[in-house]
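So that you can see what the record holds, here are the features copied from Swiss-Prot:
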{"type": "ACT_SITE", "residues": "HIS5", "note": "active site"}
{"type": "BINDING", "residues": "GLU25, ASP27, ASP85", "note": "Mg(2+) binding site"}
{"type": "ACT_SITE", "residues": "HIS41", "note": "active site, nucleophile"}
{"type": "DISULFID", "residues": "CYS45-CYS51", "note": "disulfide bond"}
{"type": "DISULFID", "residues": "CYS47-CYS190", "note": "disulfide bond"}
{"type": "CARBOHYD", "residues": "ASN250", "note": "N-linked glycosylation site"}
Amino acid sequence: WIMGHMVNAIAQIDEFVNLGANSIETDVSFDDSANPEYTYHGVPCDCGRTCTKWEYFNEFLKGLRKATTPGDSKYHEKLVLVVFDLKTSSLYDNQASDAGKKLAKSLLQNYWNNGNNGGRAYIVLSIPNLAHYKLTTGFKETLTSEGHPELMDKVGYDFSGNDEIGDVAKTYKKAGVTGHVWQSDGITNCLLRGLDRVRKAVANRDSSNGYINKVHYWTVDKRATTRDALDAGVDGIMTNYPDVIADVLNESAYKAKFRIASYDDNPWETFKN
């Protein structure tokens, strides 16, 4: 999965997919009442990027729905996965469940079109704080109570705080989450970060009793770092330059071993050689 980083304006969906992304990451900010409000990152952000592009969240969802609904004039067949980077640090811990409920309602209405031929992309809810795990339960409860538990088949999870792998495992246990787990690791492109924790995450993914299904590394803009991440065995790379990742995947060393994921590749299934 080549994951376009910080895609917060509808116009950027086309831009990143046309550069080679089959997945995008979108920032979601919340208001004081835990309503998802804007797709917005703000300052500071990655080096070389404009930090202030934004849409109202529900409007972004409608644009995203068009981009992922077969037959729509804006449809991109290869856009198959969307990571919502949920900026919950503005909320109190006890608002996490409400944030999940309100997020589910927004997605149900504006993205899934109330279950009637909505967008088809898989969705990862990426949460920065382990203490906010009840966002996942609030989300699930709402889809169930609104009569669409089947949409949970399209939903996965990530805790993005670079926490100890063991602590993340415990948190999923508390949340009652088994499966559909992505594990992110990374840092802004302005700084360097080693691959030690990525290797631990990959080892967990490949063990018989691990909780992780997929591992992705962010934010990678350089060819050398891309190669290092691929050598470590990641499933996804988040980037500001999808074309750079696509170029490296075309190199003879990687062409035989990796390919770009399509809609038929289940993002919740651990890949077995």
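Just so you know, glycine gets a Cβ as well, placed from its N, Cα and C.
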Say you check the Cα of CYS51 (disulfide bond) against those of the recorded positions HIS5, GLU25, ASP85, CYS190, ASN250; which is nearest?
HIS5
Setting GLU25, ASP27, ASP85 aside, what same-chain residues sit with their Cβ within 8 Å of the center of the Cβ atoms that define the Mg(2+) site, listed in sequence order?
HIS5, MET6, VAL7, ASN8, THR26, VAL28, HIS41, VAL83, PHE84, LYS87, SER126
C-alpha of ASP85 (Mg(2+) binding site) to C-alpha of ASN250 (N-linked glycosylation site): distance in Å?
29
With HIS5 (active site) as reference and a Cα-Cα limit of 10 Å, the qualifying recorded positions from GLU25, ASP27, CYS47, CYS190, ASN250 are GLU25, ASP27
Here are the disulfide-bonded residues: CYS45, CYS190. Which has the lowest count of other Cβ atoms within 10 Å?
CYS190
What's the CA to CA span in angstrom from CYS190 (disulfide bond) over to CYS45 (disulfide bond)?
9
Within 10 angstroms of the C-beta of ASN250 (N-linked glycosylation site), the count of other C-beta atoms across all shown chains comes to 10
Within 10 Å of the Cβ of CYS47 (disulfide bond), how many other Cβ atoms are there?
12
Non-local Cβ contacts of HIS41 (active site, nucleophile) (under 8 Å, 6 or more apart, same chain)?
MET6, ASN8, ASP27, CYS51, THR52
Measuring Cα to Cα, tell me the gap between CYS45 (disulfide bond) and the residue listed as 'N-linked glycosylation site' in whole angstrom.
29
I'm trying to understand the geometry here, so how far is the Cα atom of ASN250 (N-linked glycosylation site) from the Cα atom of CYS47 (disulfide bond), in Å to the nearest whole number?
26
Three-class DSSP assignment, HIS41 (active site, nucleophile), comes back as coil
